Amino acid sequence: MTNELRPIPSDFAAKALIDDAGYLKMYAQSVDNPETFWGEQGKRLDWMKPYTRVKNTSFEYPDVSIKWYEDGELNVSANCIDRHLATRGDQVAIIWEGDDPSSDKKITYKELHEHVCRLANVYKELGVEKGDRVILYMPMIPEAAYAMLACARIGAVHSIVFGGFSADALADRVTGSQAKLLVTTDEGLRGGRSVPLKANCDKALAKVAHDVKMVVVQHTGGDIAMREGLDFWYHEQTQKVSADCQPEAMNAEDPLFILYTSGSTGMPKGVVHTTGGYLVYASMTHEYVFDHQDGDIYWCTADVGWVTGHSYIVYGPLANGATTLMFEGVPTYPSPSRFWDVCEKHKVTVFYTAPTAIRALMGAGEEHVKGADLSSLRLLGSVGEPINPEAWKWYDEVVGEGRCPIVDTWWQTETGGILITPIPGATETKPGSATRPFFGVQPVILDTEGVVQTSVEAEGVLCIKDSWPGQMRTVYGDHERFVSTYFETFKGYYFTGDGCRRDADGYYWITGRVDDVINVSGHRMGTAEVESALVAHEKVSEAAVVGFPHDIKGQGIYAYVTLMEGEEPSEELRKELVTWVRKEIGPIASPDLIQWAPGLPKTRSGKIMRRILRKIAENDYDALGDTSTLADPSVVADLIEHRANA
Ligand code: WTA
C-alpha cells in the first residue's frame, strides 16, 4: 500500500468550508467537550421543544444506554422540507433520473412538501398511527423518498427492504416488524428489465399471519393484481386527501427507522435509529464530508434500501436544503458511460459511489468516461468497502481529472453516518485510506485479547471509545442482542467488526471484516444467512459459506456443500442451488462458486474451522495453520484437491 500524501487540489482548497487548522480545532473541541460541541451542533435543526440535556450515554457492559438530546422534540420531515420553504420553495430538492435515459423529473421543495403531506394523510386514513411500522419495498423513484418522509411526518417508523430481496426475505421482515402497511410499486425497472415488486409483495404476504394493507405506486403500468379493500393505488388515494398535514412532534429518542442488516450470526437484525441525534449527525456529516455549498448538485448512487441511501440520498442532504439526485438504473445501462452521461446532463458537482462500481467501470475502459463533459464535478466519494489503490487512482485521474478530492468514507448501518473520512478541504489523502475520524469520533485499535494499542502505528480490531449522535440505539425487539453483539467482546467499547491499521501519520486503513460478514459489491451478507438458505434445500445436509477475493465485487460468495446421503453432485444441482438461494434471500446472495464437500473440516467438538475454508477459497494453502486439532485432518487435502474454480 502506498503511503504518499496527496495534497488538496488548490482550487478546491480555496473555496472549501473548512481547512486543516479548522478541522483540528473542531475535532479537539468535539472530544474534549462533547456536551458543548454537540449542544451547539444540535442547533442546525429546528426543534419544536428545545433540548436541555445533550448527551446521556454509557458503553459500560451490560448497562449500555445511548440517549442524545433526550428531552427535545422535533420532526424530521419538517426539518427536511418545511423549514426550507421560505427560502428554497422553488429550488429543486430531488432530481430524478430514470432507468431509461429519456425519463427524468425535478421536484422542488414546495412540490416535495405537497407530495409528502398528501401521502402522510393517506397513511392516516389507512389507520397508520405514531409508532406503527411501515415497510417500503420500492425502486429508486421519488415516491420512495416521499414514503420515508411521510412516515417521519406522522411518527410512523419505516423499514425499507431493498427491492433486490426476495419475497421470502420480505415476508420475514414484515412479520419481524409487525408492519401494518406496505408501500410498493407495480414494478421496478433496472437495466431495462422489470422487477415484479407488487407480485413479490403478494407472495410475501401469503406467508404473513397478520393483515397488511398496501399502497401501490403505478410506475411501469405493468399488469398486477389488487386485493379488494386492502390494496390502494397511490395516485387515487393521494388525490382524495388534503395537501396539508401538520408534522407530529416527536421526542428526539423516538425511532425514525428500522433497517435490517446482516451480522455474523443468525438472521439479519433490525437496526433502530432515532430522530434527533440521527438527523443532527446525518446533516453535519453531509455538510462537512461533502463540503456542501449552495448550488451543489449532489449525487449519491446508493439505493434507499441501504443505509447510505437513508443518510446520504434523503435525510442528510434534504436536512441541509440540498439538491439530491436519485438514480433508478444501473451504472452499465444502456452503456458503461451512463454514470458520466448523467453527471454531464445534470451538471453534478459532488458524486458519491461504491468501489465495486468504480472497478466495473474502470474495466469497461476510459473511453466511456472521456466522452462525457465532467467539468462540473468538484468532489468524489467512495463508500461500502475498502477501495483498492488502483481503483482510487483511476477515480482520481480519469473521473476527477486530478481536480477533485476523494473522500473514502468508512461507516456502517449501525453508525448512522460517516465515522472515518477525509474532510476534503482539510485532509491530505492517501489512496486506500479512510484517513482520520470525523468530529466526536474516537477510534481505538485493540489486539484480539482486548488490549488497547497505544502506539501510533498499530494494527488490530477497530472499536470506538465513546458515543456519537448518529449511533444505533438498539436491535428492534431484542436489546440484549444489541448489547451482546457490539459491547460484550471488548468491554467499554463499541465493537465495529472491522479490522484496521493505523499508520505513522495516524491515518486509518480499514482492512475488512474480522467476523463472518462478507461484503459482496458493497452489500453486507452474513455467511450464516446463506448457509441457512442452502441447508433449507432438501438435498443439502450441510453448508459452510466464506468470502473469497473477487476482482469486481470485492468479495464473492464461496459455498462448501455436503449433500444428503444418496444425492449425487451435478451441474444441474449446482444451478438449482443457486436459484434456490436467490429465491430464499435474493440475487445479491447468489453463490459464485459451489464446491461439493464430502466432509467439512471440524474440530473434535464439531465446530467448523472456517479459517481453513477461507484459506482454501482464497487459494492460499501455505497459510492453513494447525490442522492437527481436526477430527479428520484428511478432509482438508480432499477440499484442496477439488477447489472450485470460476
Ligand atoms: C465496510 C455501509 C472500508 C466495512 C455504509 C463496514 C468499508 C461495512 C467502507 C458496513 C470503507 C464500509 N472502507 N470498508 N470506506 N465503508 N465498509 O452496514 O466492513 O452496509 O463494517 O454500511 O462495510 O456495511 P454497511
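Cβ atoms here come from the backbone N, Cα and C positions, even for glycine.
Under DSSP, R190 (CoA binding site) is assigned to a strand (E or B) in the three-state scheme. According to TrEMBL, the feature CoA binding site maps to R190, G191, G192, R193, T308, S521, R582.
According to DSSP, G384 (ATP binding site) sits in a coil region rather than a helix or strand. Positions annotated as ATP binding site by TrEMBL: G384, E385, P386, D408, T409, W410, W411, Q412, T413, D498, R513, R524.
Look at TrEMBL and you will find V535, H537, V540 tagged as Mg(2+) binding site. The secondary structure of H537 (Mg(2+) binding site), as reduced to three states from DSSP, is coil rather than helix or strand.
According to TrEMBL, the domain 'Acetyl-coenzyme A synthetase N-terminal' annotation covers 23-80.
Marked as domain 'AMP-binding enzyme C-terminal' by TrEMBL: 529-607.
Sequence-distant neighbours of K607 (N6-acetyllysine) (same chain, six or more apart, CB under 8 Å from its CB) are absent. Residues or ranges marked as N6-acetyllysine in TrEMBL: K607.
Ligand 1 lies within reach of R513 from the binding-site residues G192, R193, R513, judged by a C-beta closer than 6 angstroms to any of its atoms.
If you count neighbouring Cβ atoms within 10 Å for each of the binding-site residues T409, T413, the highest count belongs to T409. When DSSP labels each residue, the domain 'Acetyl-coenzyme A synthetase N-terminal' (23-80) comes out as 26 helix, 11 strand, 21 coil, counted as helix, strand and coil in that order. Nearest in space to R582 (CoA binding site), taking C-alpha to C-alpha distance over the binding-site residues P386, T413, R513, V535, is V535. Per-residue confidence over the domain 'Acetyl-coenzyme A synthetase N-terminal' (23-80) averages out at a pLDDT of 98. If you take the Cα of V535 (Mg(2+) binding site) and the Cα of G384 (ATP binding site), they are about 29 angstrom apart, rounded to a whole number. A Cα-Cα distance of 11 Å separates T409 (ATP binding site) from T308 (CoA binding site). Each residue in A533, L534, A536, E538, K539, S541, E542, A543, V561, L577, W580 lies on the same chain as V535, H537, V540 and has a C-beta within 8 Å of the C-beta centroid of that Mg(2+) site, without being one of the site residues. Each residue contributes its Cα atom, and for S521 (CoA binding site) and G384 (ATP binding site) those atoms are 8 Å apart.
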